[in-house]
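Read the structure below first, then the notes.
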Amino acid sequence: MNVNAISEIVSGFFIIVGTIFSLLSAFGLIRLPDIYTRSHAATKSVTLGVLCTLFGTFLYFWMTDGFISIRLLLGIFFVFLTAPVAGHLICRAAYRTNVPLTKESVQDDLKEVLKKGN
Amino acid sequence: MKKIKSNDVMLQTMTRLLAFVILAFSVYIFFAGHNNPGGGFIGGLMTASAFLLMYLVFDMKSMKKVIPFNFTSIIAVGLLIAIGTGVSTMLLGYPFLTHFFEYIPTPFLGEVGLTTTLPFDLGVYLVVAGIALTIILTIAEDDK
């Protein structure tokens, strides 16, 4: 096996793992009950899925063409930083506009903290 | 219900970090436009979006202190630069908007392909960034 075949296998593995994570997150968006658990599914696993896909692509172009794509590295950095913050902001906006939690939830600590703050 | 005091620590901290990344990438795209996808239009839009992110996160007053430019005059400057690249070649006896490309040895970067379309693209960049920011900020300030 030469370097090209190995790099294709490794980068293909990363891309497939990333795709599976994105698929799982899409299932989470359909199956989970309220916006907070959905945001949990949407931000975490999709971020990891996109990171894996971008890293697989980066590895492929590095190994086969010898081309180190700064743009892909910057994209990994950028998605890793922004996606969780976007999820945080959406959840916060939902909580502040009184979107209800799911019926199964047993505890709401933030409510008391916000009451105390006012 | 009382108004809840807002606390945007996470957004503000991330914006301080990410605005630099977006601005650097917009400059990279601006210079890559000759041989790769990119150029003045998309670079200008990306710069405008970085500024817009900062306007969104910090309030209008402090942003006016940080960026004390008048964006309408930036549009004029961009148009003047774009026309200037055309007129300057006319003065040398060539037709309007004739452009040149040359590999020129520079002290640190080696041979760099310099072209007169770069100042023209800079004009496009300034006009696009200025127009996008003018439109958005005019709409945003309307509610007072």
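Counting starts with 1 at the first residue shown.
Each Cβ is built from the backbone N, Cα and C atoms, and glycine gets one as well.
Keep in mind that what you see is a predicted model, and the values were worked out from it rather than measured.
Some features that TrEMBL has for this protein:
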TRANSMEM  A:12-30  transmembrane segment
TRANSMEM  A:42-62  transmembrane segment
TRANSMEM  A:68-91  transmembrane segment
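Residues 7-8, 10-15, 17-22, 24-25, 28-29, 68-69, 72-73, 75-76, 79-80, 83-84, 86-87 of the same chain lie 6 or more positions beyond the ends of the transmembrane segment (A:42-62) yet place their CB under 8 Å from a CB of it.
The list of residues near the transmembrane segment (A:12-30) in space but at least 6 beyond its ends in sequence, with Cβ under 8 angstroms from a Cβ of it, reads 37-38, 40-42, 44-46, 48-57, 59.
Within the same chain, residues 35-36, 39-40, 42-44, 46-47, 50-51, 54-55, 57-58, 61-62 sit at least 6 positions outside the transmembrane segment (A:68-91) and bring their C-beta atoms closer than 8 Å to a C-beta of that stretch.
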